[in-house]
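Peer 1: This is the feature table in Swiss-Prot:
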COMPBIAS  21-30  compositional bias 'Low complexity'
COMPBIAS  78-90  compositional bias 'Low complexity'
COMPBIAS  106-116  compositional bias 'Polar residues'
COMPBIAS  141-151  compositional bias 'Low complexity'
COMPBIAS  165-182  compositional bias 'Low complexity'
COMPBIAS  340-379  compositional bias 'Low complexity'
ZN_FING   399-505  zinc finger
COMPBIAS  559-573  compositional bias 'Low complexity'
DOMAIN    593-672  domain 'KIX'
COMPBIAS  721-773  compositional bias 'Polar residues'
DOMAIN    1112-1492  domain 'CBP/p300-type HAT'
BINDING   Leu1225, Asp1226, Ser1227, Arg1237, Thr1238, Ile1284, Arg1289, Trp1293  acetyl-CoA binding site
COMPBIAS  1378-1399  compositional bias 'Basic residues'
ZN_FING   1494-1540  zinc finger
BINDING   Cys1510, Cys1513, His1528, His1530  Zn(2+) 2 binding site
ZN_FING   1550-1631  zinc finger
COMPBIAS  1667-1678  compositional bias 'Polar residues'
COMPBIAS  1699-1708  compositional bias 'Low complexity'
COMPBIAS  1748-1757  compositional bias 'Polar residues'
COMPBIAS  1793-1812  compositional bias 'Low complexity'
COMPBIAS  1908-1932  compositional bias 'Low complexity'
COMPBIAS  1943-1962  compositional bias 'Polar residues'
COMPBIAS  1963-2017  compositional bias 'Low complexity'
Amino acid sequence: MDEPPSKKSRADSDYDSGLDALSALESLEAFPTSSKDTDVDNNPSTSAGGSGGPSGSTPHPQGTPQPAPSNNGGFNLQPGQSQPQQPPQNMGGGVNGSVLQELLMNPSQTSNNSPRPQAYPPGQQNAFNRSPMMPNGTPNMMSPPSMGRVPGPSPGGPQPPGPGQPQMRPGQPGMFQGDQQQQMMMGAQGQQFPGMMHRYPYAQGGPPPGAQGMPQGYPGVSRGGPTPGQPMGRGAMMNGAMPRSGPMPTQGRPGIPPNQQAMMQPMMTDRQFMQHGQYGQQRPEFMQQYGRPGGYPMMHQGMMMDSNGQPIRGPNQMMMMSNGHPGMSHGPPNGQPGPQAAAAQHAAQQQAAAQAQAQAAAQQQQQQQREQEAAAAAQRNGAGRATTPGSSMLATHQDPEKRKLIQQQLVLLLHAHKCSQREKENRDFAAKNQPPPHAACTLPHCSTMKEVLTHMTSCNVGRLCHSDTTQTTKKCSVAHCASSRQIIAHWKNCSREDCPVCKPLKRIQDTPLQFSLPDLANLIGVNGNSNGSAEGDGLHQFGSPAMRTGNITNSLFEGFNGNPFQNGPNRGGPRPPGGNGEIPNLPPPDMPDCTKEWHHQVTKDLRNHLVGKLVKAIFPEPNQEAMNDNRLKDLIAYARKVEKEMFESANDREEYYHLLAEKIYKIQKELQEKKNSRLNQGAAAHDQYAIPPSNELAQMLGVEGGRSDVHSEGSSMAVAPSQQNQPWGGAPNSNMHQQIPPNGQVPQVNNSSTFPSSGNSTPNIGASSTVSAMLQPKTEPMDDQNTDSLSSRPPTAIGFGGSSSSTPAPIMNGIVKKEEDPEESSNQAPPSVKDTKDGVAESKPKEQQAKREPTPPPTEDTVFSQEDLIKFLLPVWEKLDKSEDAAPFRVPVDAKLLNIPDYHEIIKRPMDLETVHKKLYAGQYQNAGQFCDDIWLMLDNAWLYNRKNSKVYKYGLKLSEMFVSEMDPVMKSMGYCCAKKLAFTPLSLFCYGAAMCTIAREQQYWVFEQSSTQYNVTVTERYTYCQKCFDALPPEGISLSENPNDRNNMAPKTSFTEQKNSVIDYEPFERCKYCMRKWHRICALHDKKVYPEGFICECCRTAKKYQKPDNKYLASKLPHNKLSTFLEDRVNGFIKKQLQAEAHKYPVIIRTLCVQDKEAEVKAQMKQKYVESNQFPEKFPYRTKAVFAFEIIDGVEVCFFGLHVQEYGSACPAPNARRVYIAYLDSVHFFQPRELRTDVYHELLLGYLDYAKMLGYTMAHIWACPPSEGDDYIFHCHPPEQKIPKPKRLQDWYKKMLEKGVQEGSVVEFKDIYKQARDDNLTTPTQLPYFEGDFWPNVIEDCIREASNEEAQRKVKEDDDDGEDADGGLGGGDSGKKKSSKNKKNNLKKNAKMNKKKAGSITGNEVADKLYSQFEKHKEVFFTIRLVSLQNEPAVLAKPISDPDGLMQSDMMDGRDTFLTKAREEHWEFSSLRRAKYSTLCLAYSLHETDSKGMEYTCNKCSSPAVWHCQSCDDFDLCDGCKPTTQHPHEMEKIKSLIGGGEAGDSAAGGTRYESIQRCIASLVHACQCRDANCRRMSCHKMKRVVQHTKMCKKRINGTCPVCKQLIALCCYHAKHCTRDACTVPFCMNIRQKLAEQKRSQQRRADMMMRRRMEGLQSHVGGAAPTPSTVSNGTPSNAPTPPVSAGPGPAVKGGGVGQVQMQQHQGSHVGGSGPAGMGQPMNSFGGMPGMGLGPNAQNGPGLPGMNPQMNANQSRYMPNGPGLGQSGAPGQQQQPMYSSGMPMQRPGGLGGMNPQQQPQQQQGHPGLQNPGGRPGGVHGMGQNQPVRNNQDMVMNMQMQNQHQQPPPFDSTLQPQIMKINSRLKAAKTEEERETVFSDLKKTPHLFHAWLRMRENQNLVPNRMQGYSQMSMGSSNLQNLQQQQLQQQQAGAMRGGGGFAPGQNNSQPRAPSGQFASMNPSMQQQYPQQQQGWPQQRQQNPGGMQQNANPYNQFQNRQNMMMMPQQQQPHPSNAGGQ
């Protein structure tokens, strides 16, 4: 061939001047001749069908009368003559007769005569065929369809003998001249052409047609000749040779060209062929010698027969080609002879004898000729490639003049059609009073051809009309009609690369001609209703509407071979925008929201063209009438929307084509599914005629060129020659499978147009009833199936015009299960033409498991044969079916039998094992993925309908496990990743209402969300509430301010929306770009940003020996700095030391990902109290760093450790100077080897502390708090098997690490925070380090607020007392004396109270005293680490800290929240190693690319810095290198990045980019402040211009201006660090305000999460081993201390918090007797340092032996929130835990307390275990045994009195309770009060909270009285002991400072986590409590325990009434009071 086929252009490009083509034809040279073809007929056939059936030559009987001459429209031919008797008449338009006239009038005898001997036997397998339309005939101008359109095996090799190869087809007149044989129109080896010729059955007996004087195997008449035995039109001839026929019938109509009569008569006749007795011979296929039944089995159905004699479904109605070819028609019922039959009988009898004589010789010569042609074909096409039908057609010695005439007529036809369209457009414009867009055509003969085309659209002559069967003998009298059909048919069907007729036009098409057929359907196929077929007949073409999609439907130029300009010689040409059949008059397509570089290569016309393809994929007949239908308008709007989405989402033009074509294909597939289901139902009754699948037939399947019921005619898939040679065949269930050709290779795609050429070969369907079903067109534009396709099909990929598809696309016809996966399309992009040789030739590896070829269409999964699928899948199915758990799944669910009428309402798509088995054997599965989908559908249905505790549900779980275990190996063996149905972990939802409340799955919840973005800063507010907490909210909603009492910024309840926590996201899929197998994206470890070339599965990669592409975005390629280098060397050194030679297997990569400077702002209360008085700094500058560690596992990087730290340098003011704070630390347990995992973590942390020590930092701080339930610190979704450590275990972990640090010298010492405060003599909050995000700043805020409230309450109380004193002084006499005495007592009491209070506070600062109580409560959680010894500290302090590492910008790693949020959005989970690998891949890519956005633009082509920006497009930029080579329709303006000195690629250097930004910011600041017009700084003038431009720019608002975008990004950088109040930089103040708002929003959420964590921690508070500084009893710190009186306890782990599982909240104390169980001391109000009242105190009441009634009440009230008066820290409200079997029903679903808690709690209470080990300086005093006994008595007494303790109270309900109280106070009548109570009772939890509030207020005075009574009964021994301890109590009780402060710990909280002011009614109790507590402290420290945390327990009214009785039986326990 002269040119590679992939570079052939299509002829449907625009063509403006037909003369250009003609002039090009004039210069063509004749093709070289071939000697072996000299005896071959080179004249064209005149069959209107375009690809007729086989022809065989048969001598005519010599005695046959010849027709008389007549003038028939330009031809006057007489029988027996080879020359016309008169010249042709001139026809309209100036053309002298038909273009074929000269060929017909001057035939070449040598070329017209058949060399086959007269007696050639017809029974050979390879019928002799010299028709110019046949593949083994002469290489004439009209090639028949390729083998892809012809049933039967390829002609490339010998064919097996047998009855499957009929020699000739009956019912077609041959073409013969003189005494020569009649030429028969046959396919290769006698194949018939089902696309063009109908199969006519023989009668039930007698000789075959033409048995007299004809060979016995004469199968019928060829195109253009009369039926033997039928009268032939006078003068009719074929190929210039006069046939000798029998008597001339009277039916021949004068005025019709005889050649057209003969040509059209047999083709357009729908009668049974030769049904009278004269034709008793059966069709050869059904003769006994062929092994067929004696009778024709389907004559009554009018069946067609294929080349194997198998029945082919024929149309029930008139079978008209979509191009108007009358090739297929249906006959009348059996037994109804045609009107010509009687006259034809006699002629057939006369021909029978001559035919018999010539039969033997004909067969012999036919065999010889077949061998010669096979050799010639092999020589031309090369070994190993199947010969295409058209490759041996045309004789290269044909007369160039004749060839030119044919070419001229073809060009004229093409031009005339285009010209007609232009005229129509001109008329349309004229109707609108608009100037015509096209000039008038001046081409000669154009009008003539337009008349011919117009006539052909409505020409019914010679075709069956159901109302007039006599039309079968009519002849068309219009000139050029038949010849034009013939030429068009040849052009359409010719697939030869060296065709002398087509090749010149191919060359012309290689140049960009303006030649197209945009709307040929409007002229011929749609508006004209091609061939006169009534619209009502519903039969525009043989196939489904899906086949017609995208092409010119029902046009003259497309029959079963599809678009002639696509399917013919121009298949390979690029498809221009105006291509074929777009919807006319579409408005310009919508511009994309973001413009990309490749967008400018796609014109609007092309986009509209593709929109039309989408429309026609759904509604294939958009005629002008339908264009006015609103449904079609909606459909077009949908198509435009889809096209726009694809246009925007695609990364390049190829992907855009790929996405659109994938969409089209899936739409077509869905349409076909419904039709095929009907076909299969209809075929069931006729299975005896179906062809079973076989290897031979399998090779005939999957033909690209073949017409299928699946493909649209324009569905953009490439065509391979060998594919065209494989016709469809087989039964309805087998015609969906493809097989590999004999050579096992994918033939090179020679079609650069990636839409397939729809061929003329239809599936051989073995039951006639299915034909009618298949022929029913689906023209409804929006039926159910179509609607589903619109909504359920994601875009997938096929290439469109201009590019060669890398995947040769076979056609699949079968029921394909709808794919439910929501995957986006793969990155399959058809390679360019230059890549065709490399990419396409290897587009499919040879599969061992499932041999198949060629590759399926894009996004259609690999297609396996039915046998292979059964072999692989049946064993899995059998195991499932035999399982005991499969009982409910074996048969379909019978809703009536099971009495479940709602089953089908809930389950929309039932599935069961029996149905799966049937579909498997019916061939309805094309791949294993569809089988898996059905199994999972079956299981999902069971899980959806049945409850979790039902047997069916559990059976489904077990069956799913079995299925995965059995199916996974099978899927892997078939080339897939796995058989699992994988979904991402559902996100945990937190309730912002009650503490520790979570929103469970499938629960309803309410959410408030608002977001605003300005200046590139986005502020998002999102608050979620469970149903119960939402109901408890007041109508005004929640406060969005930091101060919860601020009512100015509220989110009302009406702004909340109700949602359900039921969202499940499934893992997306990627498709292999070659075999289209679906892999989970995470299994494939593929991200299209990292690997833009597309995904290649391991199967194809192995077969093709492709190396996995390099990942440019590895973590190891991120920049190093000093810190990361230091840590990496240390860790790898440690691993090497431990593993020696194995260390290289476990390389660790450590990188510092972010280094930024920030400031920690002081909170409001602290600022008001201390900052304004200059006692405390307002801000603390610090540097934050993010350090992450990676390990290479299985060759892939996996991130396993993350660390965020804050460094407060030497320039930071005290108390933060030279301190480092470990803010967050997180890990996932994927590090290998496992035994070194903990040590490596320790090395990382100790390495950082050592590094900080070397820099000059002196102290480090760690908060050892596990995350709360469902919370993550750094990594999203930890592995389920990785248990989040419980508090004690985590603290032990840190302690072990720090002890190791002490040993190695990196740590000097470490203490708990309480010990550190005592040692540092902390007397004011200003001495406590103040870290960003730490726990203590919030605690200080609360302490200050509480102290202020208490002071206000005291003043109110004093004022009240003073008022009473003043009132008492008014009386006289005795009463006055009594009052005076009373006042004196009150004053003395008040003074004593104040003095005692001061004596109890050693700091003299109420806030500090409260802090100390919190310190002791949480001392186990906070570590203070000294890095530098006190001796070396002065030397260290003398040197300022200088960080050797520069700043490193990273928005994603700027704190933990950004990365965590992005991971949740993108599903970057670390829940398994598989997902961790993928998440790390995406993380590393984002880290590489994070710095390349915002500041400068990047080139859309190469991603380098862009300097050219499109003014029209939203986002299109080019660099200098790409601009010359990239065409863009808009004007480009040159821009420069505002950042000088830094390139985008320098982001890896970190510092370089930062320095560039800083220089640019400095220039910006200077320019905004500079007033010098002649400033000598160059950057000044540049920045001034930029600033001025931004102020005036109108495009700045929508973000389309590149200059403004850069400036705003630069201003954001500046604003993050700007502190000037009057900054002149544009937008600085606005951006800072927005940043502050963003920070506040983030801080509120952070406070909420911290409160949750601390509340979870406090639920197990004290469950931690003391640090070494507080352990002095010699017990190992990691060993639990047994209870006091219960003996040694089990070695159990401490409680934990934060797991998604609930076990960390399930705690119950270890058993024991009541007193022993109560040995856990109750916490004091303020924590009471020195009293051994550790953090465990809150848990005491819930111990064994408590009143069951109290337990019940507690469990009843617990859901409403925490109790009051606990710990005093935000979120420290603690709930009592029980061991009584009644778990604590917190909203989070928490259970009882873990038994492991008790030892931990007791360790935290040295007062119970080791008197000398008390913290706070108490140890050493040595409490004696009586004191301990006293403590036990007090605890016993406490157990009796614990019911008197007030119930816990949910502080979040405080505002509502206050509102209720106000309503009660305002109520004046009893009815009003009842109304209030009635409303209150509607919300039970609020009613209970109100009751508890009342009980709390009433209980405290009673308890104070009880304590006073008990104190009076104390023993002298106890008094003596208390006197001895008074001195130490004064020091040990410093943290108490007055115990009242500790009570006000539970206050109403807003979502921000802040605490509101205390209710005054609550505050009134503190003075009362303070009156009694100091005396008790002095008397009995142990007695304090009985009163500890009085608000921690619930007390009902009955228990309150029983208080005196409870106290009386235990007088001994009251000692010490």
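First residue shown is number 1, and so on along the chain.
Just so you know, glycine gets a Cβ as well, placed from its N, Cα and C.
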Peer 1: May I ask you to report the DSSP-based helix, strand or coil state of Cys1513 (Zn(2+) 2 binding site)?
Peer 2: coil
Peer 1: Enumerate same-chain residues with a sequence separation of six or more from Ser1227 (acetyl-CoA binding site) and a Cβ-Cβ distance below 8 A; give 'none' if the list is empty.
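Peer 2: In sequence order, the residues whose Cβ lies under 8 Å from that of Ser1227 (acetyl-CoA binding site) (at least 6 apart) are Phe1200, Phe1201, Gly1202, Tyr1241, Phe1275.
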Peer 1: Other than Leu1225, Asp1226, Ser1227, Arg1237, Thr1238, Ile1284, Arg1289, Trp1293, which residues of the chain come within 8 Å of the acetyl-CoA site, judged by Cβ distance to the Cβ centroid of those residues?
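Peer 2: Apart from Leu1225, Asp1226, Ser1227, Arg1237, Thr1238, Ile1284, Arg1289, Trp1293, the close residues are Tyr1241, Pro1285, Leu1290.
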Peer 1: With DSSP helix as H/G/I and strand as E/B, how many residues of the zinc finger (399-505) fall in helix, strand and coil?
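Peer 2: Helix/strand/coil tally for the zinc finger (399-505): 67 helix, 2 strand, 38 coil.
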Peer 1: If you count Cβ atoms within 10 Å of the Cβ of Arg1289 (acetyl-CoA binding site), leaving out that atom itself, what do you get?
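Peer 2: Total other Cβ atoms inside 10 Å, all chains included: 23.
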Peer 1: Take the Cβ of His1528 (Zn(2+) 2 binding site) and count every other Cβ within 10 Å, whichever protein chain it belongs to.
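Peer 2: Cβ-Cβ neighbours of His1528 (Zn(2+) 2 binding site) within 10 Å number 19.
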Peer 1: To the nearest whole angstrom, what is the C-alpha distance linking Arg1289 (acetyl-CoA binding site) and His1528 (Zn(2+) 2 binding site)?
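Peer 2: Rounded to the nearest whole number, the Cα-Cα distance is 64 Å.
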Peer 1: Can you give me the same-chain residues 6 or more apart in sequence from Trp1293 (acetyl-CoA binding site) with a CB-CB distance under 8 Å?
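Peer 2: Listed in sequence order, they are Thr1238, Ala1264, Pro1285.
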Peer 1: How would DSSP class Arg1237 (acetyl-CoA binding site) in three states?
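Peer 2: Reduced to three states, the DSSP call for Arg1237 (acetyl-CoA binding site) is helix.
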Peer 1: Could you give the maximum C-alpha to C-alpha distance in Å for the residues Leu1225, Asp1226, Ser1227, Arg1237, Thr1238, Ile1284, Arg1289, Trp1293 that bind acetyl-CoA per the record?
Peer 2: 16
Peer 1: Any idea what the Cα distance is from Ile1284 (acetyl-CoA binding site) over to Cys1513 (Zn(2+) 2 binding site), rounded to a whole Å?
Peer 2: 51
Peer 1: Other than Cys1510, Cys1513, His1528, His1530 themselves, what residues in this chain have Cβ atoms within 8 Å of the centroid of the Zn(2+) 2 site's Cβ atoms?
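Peer 2: Going along the sequence, the neighbours appear as Thr595, His600, Gln1511, Ser1512, Phe1516, Pro1529, Glu1531, Met1532.
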Peer 1: Among all protein chains shown, how many Cβ atoms are found within 10 Å of the Cβ of Leu1225 (acetyl-CoA binding site), not counting that one?
Peer 2: 21
Peer 1: If you average per-residue pLDDT over the zinc finger (399-505), what number do you get?
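Peer 2: Summarising the zinc finger (399-505) by its mean pLDDT gives 76.
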Peer 1: Roughly how many Å lie between the Cα atoms of Arg1237 (acetyl-CoA binding site) and Cys1513 (Zn(2+) 2 binding site), rounded to a whole value?
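Peer 2: Between the alpha carbons of Arg1237 (acetyl-CoA binding site) and Cys1513 (Zn(2+) 2 binding site) there are 53 Å.
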Peer 1: Could you find out if DSSP has Leu1225 (acetyl-CoA binding site) as helix, strand or coil?
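Peer 2: Where Leu1225 (acetyl-CoA binding site) sits, the three-state DSSP reduction gives strand.
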Peer 1: Taking DSSP three-state, what's Arg1289 (acetyl-CoA binding site) in: helix, strand or coil?
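Peer 2: The residue in question, Arg1289 (acetyl-CoA binding site), is helix (DSSP, three-state).
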Peer 1: By DSSP, what is the split of the domain 'KIX' (593-672) into helix, strand and coil residues?
Peer 2: 64 helix, 0 strand, 16 coil
Peer 1: Please list the DSSP helix, strand and coil residue counts for the zinc finger (1550-1631).
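Peer 2: Residue counts for the zinc finger (1550-1631) by secondary structure: 52 helix, 0 strand, 30 coil.
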Peer 1: Taking the Cβ of Ile1284 (acetyl-CoA binding site) as the centre, how many other Cβ atoms fall within a 10 Å radius?
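Peer 2: The Cβ of Ile1284 (acetyl-CoA binding site) has 21 Cβ neighbours within 10 Å.
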Peer 1: Where does Ile1284 (acetyl-CoA binding site) sit in the DSSP three-state scheme?
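Peer 2: SS state of Ile1284 (acetyl-CoA binding site) = coil.
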Peer 1: Taking the Cβ of Asp1226 (acetyl-CoA binding site) as the reference point, list residues of the same chain whose Cβ is under 8 angstroms away and which are at least six residues distant in sequence.
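Peer 2: Non-local contacts for Asp1226 (acetyl-CoA binding site): Phe1201, Gly1202, Asp1272, Tyr1273, Ile1274, Phe1275.
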Peer 1: Return one of helix, strand or coil for His1530 (Zn(2+) 2 binding site), based on DSSP.
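Peer 2: In three-state terms, His1530 (Zn(2+) 2 binding site) counts as coil.
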Peer 1: For each of the binding-site residues (Arg1237, His1530), count the other CB atoms lying within 10 A of its CB, then report the residue with the highest count.
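Peer 2: Its Cβ has the most other Cβ atoms within 10 Å: Arg1237.
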Peer 1: Within 10 angstroms of the C-beta of Cys1510 (Zn(2+) 2 binding site), what count of other C-beta atoms is obtained when all protein chains are considered?
Peer 2: 23
Peer 1: Once near-sequence residues are set aside, which residues in the chain of Cys1513 (Zn(2+) 2 binding site), 6 or more away, have Cβ atoms under 8 Å from its Cβ?
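Peer 2: Non-local contacts for Cys1513 (Zn(2+) 2 binding site): Thr595, His599, His600, His1530.
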